[in-house]
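Step one of this worksheet: look at the structure below.
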Amino acid sequence: MDSQGKKVVVCDNGTGFVKCGYAGSNFPEHIFPALVGRPIIRSTAKVGNIEIKDLMVGDEASELRSMLEVNYPMENGIVRNWDDMKHLWDYTFGPEKLNIDSRNCKILLTEPPMNPTKNREKIIEVMFETYQFSGVYIAIQAVLTLYAQGLLTGVVVDSGDGVTHICPVYEGFSLPHLTRRLDIAGRDITRYLIKLLLLRGYAFNHSADFETVRMMKEKLCYVGYNIEQEQKLALETTVLVESYTLPDGRVIKVGGERFGAPEALFQPHLINVEGVGVAELLFNTIQAADIDTRAEFYKHIVLSGGSTMYPGLPSRLERELKQLYLERVLKGDVDKLSKFKIRIEDPPRRKHMVFLGGAVLADIMKDKDNFWMTREEYQEKGTRVLEKLGVTVR
């Protein structure tokens, strides 16, 4: 709470999950899937102890997903369906989750870097007009990740469910001209895993199977350190084969798909996306930075978001960066490679890093009036109140 007794809420609206809670806390109060479902057939009124409603949100929708047509209001970090997004926020602020009176609260929201201004304007409009929060702040996710890690300078590789960003931050300011965006993230890897499983003869084609495959991905997938070696193992042996039990009791076997699906992060052409993979994008970003800041950036690469949780990802990233540096900067001179210092930080709680950073920032700033956009300012200026965010508060 701030000095006037107003609650300060932190809400990290991801493409796949909503993480919400309060300023100063060190873990989200609630984490639930960002999905909205509508029943396909109204044959039963109850399943177990959950009542089937015309509109199901979050955890409830996830549990009953086999009976629902499920929609994700956000795609690639951007709100695509505002009506469903409002249902998601109603659920977040309502009795099921935070149970707050939004008129007496301030809220810190997060957004991906390079988010369209239109999207931000609409968020502000909904927060002030529909929910009537007394103060709102929208923070850039990458900056919050660094705050949570106790850094002011570094490069954040943030890969969630909808979008992957590589965002250099210098002295607490994100550098938009160097920020790179890769529209491959968790959801695309899940889709690709569905495709690979189809080639093995397993069909997952209902909208609800998507969640099932996502859970399988989180349990079994990893990033291969040496892809040729992994492929050889997959073809010639059964060491990679794991059994997985589906919700309906069937057991399926998964092998080379375990490293094949996340490989799309490093080789986008596998899923028909143009451009370079995450390692080369990271290398290009740092090399495009001012020469005096490059060494700092290489030493402070911070991973963030659920799609960086694959075992093997940090070491693969480091291997590819060293390889690229050797080829393109040192022109193949191996002796000089020992001077090249690189450090990839993979904090264990990186799945919720953005929320944690938001909780820290909101707590520090809870009584600073020039930090928050207020309801009065919004009534006076409309969406021009966003100019207040143009200045990064340090």
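Here the Cβ of each residue, glycine as well, is placed from N, Cα and C on the backbone.
Not measured: the values here are computed from a predicted model.
Sequence annotations record features per position, and here Swiss-Prot assigns ATP binding site to Gly160, Asp161, Gly162, Arg214, Met215, Met216, Lys217, Glu218, Gly305, Gly306, Ser307, Thr308, Met309, Tyr310.
Annotated features taken from Swiss-Prot, shown on the structure.
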residue: Gly160; record: ATP binding site; DSSP class: coil
residue: Met215; record: ATP binding site; DSSP class: helix
residue: Gly305; record: ATP binding site; DSSP class: coil
_Applying a 10 Å Cβ distance cut-off over all chains shown, what neighbour count does Lys217 (ATP binding site) have?_
22
*In the structure shown, with every protein chain counted, which of the binding-site residues Met215, Met309 has the densest set of Cβ atoms within 10 angstroms of its Cβ?*
Met309
*asked:* For a quick check of understanding: given the listed ATP-binding residues Gly160, Asp161, Gly162, Arg214, Met215, Met216, Lys217, Glu218, Gly305, Gly306, Ser307, Thr308, Met309, Tyr310, what is the maximum Cα-Cα distance in angstrom, as an integer?
replied: 18
*asked:* Using Cβ atoms only, which residues of the same chain lie under 8 Å from Gly162 (ATP binding site) while being at least 6 residues apart in sequence?
replied: Gly14, Thr15, Gly16, Met74, Glu75, Asn76, Gly77, Ile78, Ala185, Gly186, Arg187
*Under 8 Å by Cβ from Ser307 (ATP binding site), same chain, sequence gap 6 or more*: Ser159, Gly160, Asp161, Thr164, Ala185, Gly186, Ile189, Leu265
